[in-house]
Amino acid sequence: MRRLRDWRSAYELGATGQFANRLAALGITERQFLALLDRPPAALANGSGAPGWAEFTERALGIAPDGARHLPPDTPWSDAFAGVLAPFVTAACADLRQRVRTPGMSVVADLDAVYAGFADALRVRLVAMASRTFVLELNVARAAGRLAGPTPEHRFAAFVADLAQRERLTRVMTDYPVLARLLATACRHAVEATAELLDRFVADRAEILGRLLDGRDPGPLAGFDVAGDSHGHGRAVAILRFASGARVIYRPRSVAVHVHFNEVLDWLNGLLPELELRTLTVLARDGYGWIEAVDRVACADVGQVGAFYRRQGVLLALLYLLGMTDIHHENLIACADQPVLVDVETLMHPDLPVPTAAPDPAARALRTSVYRTALLPQPLIGERGLLDISGLGGDPGAQQLRETVAWAAAGTDTMHLVRRSAPVRAAENRPTLDGVPADAAEYTAELLAGFRAAYRAIARRAGDLIGPDGLLRRFAADELRVIVRSTRTYTVLLSESTHPDVLRDALDRDQIFDLLWAASVDDPVRNRLVSREIEQLWAGDVPLFTCCPDDRDLTGGDGVGFVDVLDEPVLATAQRKIASMGVIDQRDQEWIVQAALAGRLGGARHECAEPVSVRWEATAPDPGRLLTVACGIADKIIADAYDDGVFANWLGLEPVDGGHSTIMPLGAGLGNGYPGTALFLAELARLTDVDRYAEAAGRAVRQLPVLLTALDARPHLASTIGSGGFTGLGGIAYTAARLADLLQDDALGDSVERAVRLAAIAATTETNLGVLDGLAGCLAAMLAVSDLTGLPLAAATARDCAQRLLAAGSSLPAQPGFATGTAGIGWALLRFAQVGGDERHAEAGSAMLARAATGPIPGPSTHSWCHGVPGIAVAIADQRRLLADPALAAFVDRAATAVSQTGLVSDHSLCHGEMGRQEMLSVAAARGRRAAVSVRFDQAGQLVAALDQAGPRCGAAGDVSVAGLLDGLAGIGHGLLRIGFADHVPSALLLHAEPTTSGRGVEN
């Protein structure tokens, strides 16, 4: 009964209902399962007969040596363990020799070399499976004092020599029967897969030579290397090597899809002969095939590099329209100016979304966009930093995201497991010039040009592809791969399930695989497939599923079928996508291409743009003109939205590490999420009485109450999100309160208290102190929410934040700026001192701002709100009492004068661009600072002229246009409203609940 309780509680299977689903998949009830748990293993096995793996194990153990053999102490540990497992390899080799009896085999293949390579590869795999168990037994023997020898190496050698004896090895396999099963299964599958490959090679050799090797005899087969994950009982892609050095690729699954892909590629080459793409010769057979091998070739000059990326753009357009995915760096070879695709089995991939709290049309659009090809950069962050394995990634020297199993003190009696980083396998996907891989981000224009040319060419001739006689119909009966989960998930499960703790009883290993059930909660598609995933994992394979383009069924790698899994046949999806090609779709996809490449560039975040070299002829910034420009920006924001009529959202660039960014749907943060964008639209709607702005804002935040309800059910997640003013729950609560009033939205109004409650939870464990992402931002946001709603919890949370900031002491940040530095913290404390604090808060806040105003300002951020002078100045100007200090008042005046002296900067954003400086001028002018009043009008006039004549420039990577408040169009629009209507529009940068007093617009 205890085991049943533990199983139900693992991964919350019982609470989520997945344990019941798991038993239902087995066709048993919980009572029957409990009865099975109570039966001894011998009773369960009685009458079932010995499985094949057990018979193989007995045979292998029967050829293990009777006595100990000498092992030199300097033997590498992996060779030593391979020696222990030699009986399994020997038995497998014997089976392979027995199985390979095709006439003529010895004439066309160097069988001794082939068998030797088979044995070497099998040893490596078996050692990886058994090492953890062997090392555990080593440590048990050492602790028990059973190891003899003068040195750690001698004692290790003595242990291995003893372990290799038949009696000892039999005892270990008896103690760890699951390990025996894994070893024997791997051997048996390797034999069958290899024999099948060799039989097929002999049968097809003549055509392989004629079709793939230009009729040249490459000499006998010298061996083969596995190149990829195994599926279908150990079958994997292999690279055949011949005596002459020639190579051929073997695929153990149907390659008909590659034949038909080549036909589409030939068609496209006819439309764009100047950008012709290379095809690989394919020899298709029933259920398998052979493909031409291609080598990486360096570019001769920079012109070839540019041509490579133009062709890459052509390939990208085609793959997008054919619904391809999983084009990572190992699936492309750079052959001079040709990007050569070597794997096309994920063509027309279905959309299998993971369930979410609320539908997100931007997420849905991204899943079916050019981004899903995985050819574009998709930087990921892990334990060892940043990794991009996309078709354009594969950076030299990159490390795996997750540390892998390694061994410390290897080859000694204290050998033990450690986790270490491992390099990513060297890629050949990027063109090289003078030995240096060329980065796609530096060839954005070329790639976009190729993409644009191909998209337009295909759109003009779309009829050739779709319809009853279109080229896509040729794929109708092909076998296509469907990726249900990331391969990484499976490989980690296979590796971690070789821990000795789960190798004594198969039920323990089953519990490891139950992670897949836990990951399938409320996911009807994956719930149907989990049992077959686990069966394939037990076979030692990475689970495989395939579909036929013309129906809705899936088939597992073990041959088990699932009816009507997909919403529609993938062929119909591909045809519909091509039929819907047009200017808007092309624009959306080109934005994704540009954004993905920009995100690869890296560079410092929040770095100010340079002042523009041209002085714009100022346009009078009267309120009407400002409103017109703001409406133009709002219209673009709405046009860029993914809107299904119920929900709306945008795609943006989310920073990940080192200045790199990745494309994601906007999140719920005020700073660069959908709430900040909605806030601008709602403010504009109130000023203009234009319904479409309010309606778009409402659709954008419709998912916010749903999200907060989901979080309220799992409040422990609040700390992960944080409490900050622009990236956390403090800002979310602020925006919900503002929008509830602006939109008269009861659902938002009802969610404010929930957001405050979650912010309070997040604040209790918050480690960041600043306005952007920490306690100061939560404090300011709670003060505003308290003003807007009168919620007692908001006031109480503000007090708690203030007390923690007051006690921060030496933990205060060294940087002086507003967003994450002492200026913002001091400003927040001064705000609290005005409404609920005391002189301690006022004194601490004043001291922090005085220190910020007199200390050094980081050079790259000098002109920014976030980290520079304008942010410090606006913090001072927002507090009237500080302007009584001549030194601080002079600092504000100098900041205003500096704006005039530098002129406009090329980035118009709030965070680190022109609008952040304008906000400082607006607040300072409202406080009567004459320098700000005189500068503000002229600067605003130049800004309006720049926006009119050159358009808005956002602060995201690569000048990519984004919708958000801090870096994007919404912030630029909000800034315009602040310039013209400061007496109606509260400052979002200062988290104000009400407009600044005496702050009417520029007409004053």
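Glycine is no exception: its Cβ is also placed from the backbone N, Cα and C atoms.
Annotation comment: TrEMBL describes Cys866, Cys911, His912 as Zn(2+) binding site. Packing around Cys911 (Zn(2+) binding site) is summarised by its Cβ count: 30 other Cβ atoms lie within 10 angstroms of its Cβ, all protein chains included. Mapped onto three states, the DSSP output places Cys911 (Zn(2+) binding site) in coil.
What TrEMBL records for 176-547 is domain 'Lantibiotic biosynthesis protein dehydration'.
Other Cβ atoms within 10 Å of the Cβ of Cys866 (Zn(2+) binding site), summed over all protein chains shown, number 30. Averaged over the domain 'Lantibiotic biosynthesis protein dehydration' (176-547), the predicted model reaches a pLDDT of 95.
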